[in-house]
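Asks: This is the structure, below, for whatever I ask next.
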């Protein structure tokens, strides 16, 4: 069990890291010659924390967007209202139900996951349209666990400009969100990608984020769980890379000589 001193040190480190992230976001936006940032708001803890960082980095030039599809966010709007009250972030709602239904019908995709992944990809396209309209960068909400596991949609929620919390484990996200006074209901909500009704991350993965946190911080966990986590990481390596390219023609020519 950690002592009070250790807990205080960890919280102080997280608070300092949060301050660093705010300055990092400012720097990256400045380097890109942009005016601010935009973030998709789901009602979950990851987007709530990124919303806090966005507002702190750009009090006048930050925007949150909710993008419900069907009933995917019907239970989240009360939490989003609390987040808006806390952060004072401007949050607008863009209902993508009709757009999704039309695209899904046109594509006529039968595979359940392929069809579900249209949702985050449609949201990505919407975020970038709004970001370009405002001359903003898009902030992603993937944490370290999700990034390591590849637990995101390629060119969906993984298609962003900046990933501010991608080096924070789930438990660290929770702790920093608590420091920023994010509502308890958001913090305690079961993690879900929202790809279909009643979907829960940990049920789909087959292990908990707590176990992933321990694995990522080099702590002891069940060897079978560790093997599953590492296998998931290896299988999703392509998600963390830009499109794979062949050998350069000059290198090819030199190799053939």
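Keep in mind that glycine also has a Cβ here, set from the backbone N, Cα and C atoms.
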Asks: Given that Swiss-Prot annotates 121, 161, 238, 239 as deamido-NAD(+)-binding, name the residue from 112, 154, 170 that shares the site.
Replies: 154
Asks: May I ask you to find which of 99, 192 Swiss-Prot records for the ATP site already listed with 40, 41, 42, 43, 44, 45, 46, 47, 141, 170?
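Replies: Given 40, 41, 42, 43, 44, 45, 46, 47, 141, 170 bind ATP in Swiss-Prot, the matching entry from 99, 192 is 192.
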Asks: Please give the greatest C-alpha separation between any two of the deamido-NAD(+)-binding residues 121, 154, 161, 238, 239, in angstrom, as a whole number.
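Replies: Max Cα-Cα spread across the deamido-NAD(+) binders: 18 Å.
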Asks: Based on Cβ atoms within 10 Å, give me the single least packed residue among the binding-site residues 146, 161.
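Replies: Fewest other Cβ atoms within 10 Å, among the binding-site residues 146, 161, is found for 161.
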Asks: Sort the binding-site residues 42, 44, 46 by C-alpha distance from residue 121 (deamido-NAD(+) binding site) and give me just the closest.
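Replies: Going through 42, 44, 46 one by one, the Cα closest to that of residue 121 (deamido-NAD(+) binding site) is 42.
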Asks: When the Cα-Cα distance from residue 40 (ATP binding site) is computed for each of the binding-site residues 146, 161, 238, which gives the smallest value?
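Replies: With Cα distances computed to residue 40 (ATP binding site), the winner among 146, 161, 238 is 161.
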Asks: May I ask which of the binding-site residues 44, 46, 141, 146, 192 is closest to residue 239 (deamido-NAD(+) binding site) if we compare their C-alpha atoms?
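Replies: Given the candidates 44, 46, 141, 146, 192, the nearest one is 146.
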Asks: What is the biggest Cα to Cα gap, in Å, among 40, 41, 42, 43, 44, 45, 46, 47, 141, 170, 192, the residues listed as binding ATP?
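Replies: Per the listed residues, the maximum Cα distance equals 18 Å.
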